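Per TrEMBL, these features apply:
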- 1-17: signal peptide (SIGNAL)
- C31-C111: disulfide bond (DISULFID)
- R58: site 'Transition state stabilizer' (SITE)
- H62: active site, proton acceptor (ACT_SITE)
- D63, V66, G68, D70, S72, E84: Ca(2+) 1 binding site (BINDING)
- C64-C69: disulfide bond (DISULFID)
- C117-C322: disulfide bond (DISULFID)
- P159: substrate binding site (BINDING)
- H189: heme b binding site (BINDING)
- C196-C228: disulfide bond (DISULFID)
Amino acid sequence: MHVVLIICFLGATRLHASDPPLTLDYYASTCPTVFDVVRKEMECSVLSDPRNAAMIVRLHFHDCFVQGCDGSVLLDDTITLKGEKKAATNTQSLKGLEIVDKIKNMIESECPGVVSCADILTIAARDAVILVGGPYWDVPVGRKDSVTANFDLANTNLPTPDESLLSIIAKFLYQGLSVTDMVALAGAHTIGMAQCKNFRSRIYGDLQSPSVKNPISESHLSNLRSVCPPIRGGDNNLTAMDYVTPSLFDNSFYQLLLNGEGLLNSDQEMYSSVFGIETRELVKKYAADPLAFFQQFSESMVKMGNITNSESFITGEVRKNCRFVNT
């Protein structure tokens, strides 16, 4: 297999020319069954609950945006380490950790000490997308697991549901990801669920506004409000971000944005914001052309997966247990 070099788009602060390149055949001789094992376990997980696909994709995203795709999000808190799981954007909403644990256990029994948790999560995210109808892409591997996590960066680097469009674009640009990457990667919300606390302001705020073009239908708004009360309680109640095809990876998420029916403020802003000149055109494009969306999503996922933690190539390791640094 040919070697895929890391795309060096992040500058000296994140990627260095001396970093070992990620390759497609990194485990060809040391753990040739790794892709098969991940695929099989993901098939079982998604078959048992299609929501597991979205959870794994989100876990991968939340890993890569904090010191690169290095498995740091998987670390549990210890006396000496403050993990990322209790950061504001992660607490009570990070799911799928047990799936990663299970895959890791299977792989450790076949190839002990060889495959990093960071690679497992990256491969699993690709398989998750395929298993609910999304596109295939080749996954470059060879990441190391970090021996650190960063609670503060988890609080600052990850986009939030009520954040402004320009602020979210800035967070993607900081990671070396373009506006096109941002709009395409947001398409993962086609299989995602959102907690009431993350869309409450939307369904009791601007969705009622007559200024919104194609306001949300009364029946759907009523359904959302039955899930999410206006003041207290129900913060963790869930509803699909794409209520049309919630378990299918397709482009209907973008079609909802055209109708003003995006569940999260941050998503709807891509189409409705006065600053969304570029993002609005991309939303229209992906709403009309599912193949264009699939192709860009695949490219953007590879690009995001190639955000590496250069420190991890020096001080990193292959964790035996994804939740804890090796002792």
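Cβ coordinates come from backbone N, Cα and C, glycine included.
Caution: TrEMBL annotation is automatic and unverified by curators.
As the structure is a computational prediction, the values presented were derived from the model and not from experiment.
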Taking the centre of the Cβ atoms of D63, V66, G68, D70, S72, E84 as the Ca(2+) 1 site, the remaining residues of that chain with Cβ inside 8 Å are H62, C64, F65, Q67, C69, G71, V73, S146, A149, N150, N309
Measuring Cα to Cα, tell me the gap between C64 (disulfide bond) and E84 (Ca(2+) 1 binding site) in whole angstrom.
12
For the binding-site residues G68, P159, work out the Cβ neighbour count at 10 Å and name the residue with the minimum.
P159
In chain order, residues whose C-beta lies under 8 angstroms from the C-beta of C196 (disulfide bond), counting only those at least six residues away in the same chain, are V227, C228, P229, G234, D235, N236, N237, L238, T239
If we check Cα distances from E84 (Ca(2+) 1 binding site), which of the recorded positions C31, R58, H62, C117, P159 wins as closest?
H62
Say you check the Cα of D63 (Ca(2+) 1 binding site) against those of the recorded positions C111, C117, H189; which is nearest?
C117
Including all protein chains displayed, how many Cβ atoms other than that of C322 (disulfide bond) lie within 10 Å of its Cβ?
22
